[in-house]
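> Encoded as structure tokens, here's the structure I'll be asking about.
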Amino acid sequence: MSSSCFCKHSEETPLSVLSPELQEQFSDPNHPANLICELCRLFYDNNWVTGTGGGISIRDVDGANPNLVYIAPSGVQKERIQPWEMFLVELPEEKILRTPNDIPKELTKSYKYKPSACTPLFMSCYTMRDAGACIHTHSQHAVMVTLFLEGKKEFEISHIEQIKALPKLALNENTGKIEKIGSMEYYDKLVIPIIENTPHEEDLTDSLQEAIKNYPGTSAVLVRRHGIYVWGETVWKAKVYNEAIDYLLELAVKMQQSGIPTVKQ
């Protein structure tokens, strides 16, 4: 049986120990902290964030301060995460405004929370692409693709209907920003850069930034033998892009096993 998506805490936890402001936030199912809970449960059911792996962050693009970023902590079981367990960071200085360790112990049970090791990579997506959300999964399909492309720097696939779910991006010469100009077409070739894994997650930052810079048309970066980072202009766009890319990665694995090229000649 799959787990419930929404963070059902109203009858199980004493939210009265929180400030009125936080009580209001955590009672709103559309608040970024609750959306992270919802998506973590969904991604867990898809085997993308098992064993405390992976991570997600959401920028409050629809809130009073769109520079606020909510980030799931490191080393927690994603399917059990609660909204008060998020780190709150403000862009562009990347200042930490609140941590789960600031929350009353009645809720956190004195657990010592650590910031996500993905934080500098998430911040790169926000500052370089003005993303509204960034998702990091340990998808087996992502890992498998990087294994059969050992030594290659790119994943490519074309002429698959699902490609239409992904954005077509281009550099705006006036603003200097990468902007969405439409959606990819059936005949377009999707190219996702692959970077090499490192012993520590934060050490991936430079490689990820270089890939984002060198591939202006991408909404994702694969990490060999590790997983994938996907971002989008809103949390729901990032979710769609992640799902579409994972579908294409799974299909690519099966095509490889059947001797079918992923790019139609």
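Every residue gets a Cβ built from N, Cα and C, even glycine.
OK, Swiss-Prot features for this one:
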- GLU161: active site, proton donor/acceptor (ACT_SITE)
- CYS118: substrate binding site (BINDING)
- HIS136, HIS138, HIS226: Zn(2+) binding site (BINDING)
> In whole Å, how far does the CA atom of HIS226 (Zn(2+) binding site) lie from that of GLU161 (active site, proton donor/acceptor)?
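Here the two Cα atoms are 27 Å apart.
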> At a 10 Å cut-off from the C-beta of GLU161 (active site, proton donor/acceptor), count the other C-beta atoms across all protein chains.
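If we count other Cβ atoms within 10 Å of GLU161 (active site, proton donor/acceptor), we arrive at 8.
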> Which ones are near the residue listed as 'active site, proton donor/acceptor': of the binding-site residues CYS118, HIS136, HIS138, which have a Cα within 10 Å?
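Within 10 Å Cα-Cα: none.
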> In the three-state scheme derived from DSSP, which category covers GLU161 (active site, proton donor/acceptor)?
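Helix, per DSSP.
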> Whole-number Å distance between the CA of HIS138 (Zn(2+) binding site) and the CA of the residue listed as 'substrate binding site'?
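Between the Cα atoms of HIS138 (Zn(2+) binding site) and the residue listed as 'substrate binding site', the distance comes to 12 Å.
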> Taking 8 Å from the centroid of the Cβ atoms of HIS136, HIS138, HIS226 as the cut-off, which other residues in that chain fall inside it around the Zn(2+) site?
GLY53, GLY54, THR137, SER139, ALA142, VAL223, GLY227, ILE228, TYR229
> Work out how many Å separate HIS136 (Zn(2+) binding site) and the residue listed as 'substrate binding site' at their Cα atoms, rounded off.
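The Cα atom of HIS136 (Zn(2+) binding site) is 8 Å away from the Cα atom of the residue listed as 'substrate binding site'.
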> List every residue in the same chain as CYS118 (substrate binding site), at least 6 positions away in sequence, whose Cβ is under 8 Å from its Cβ.
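Those within reach of CYS118 (substrate binding site), by Cβ under 8 Å and sequence separation of 6 or more, are GLY55, SER57, ILE71, HIS136, GLU201, TYR229.
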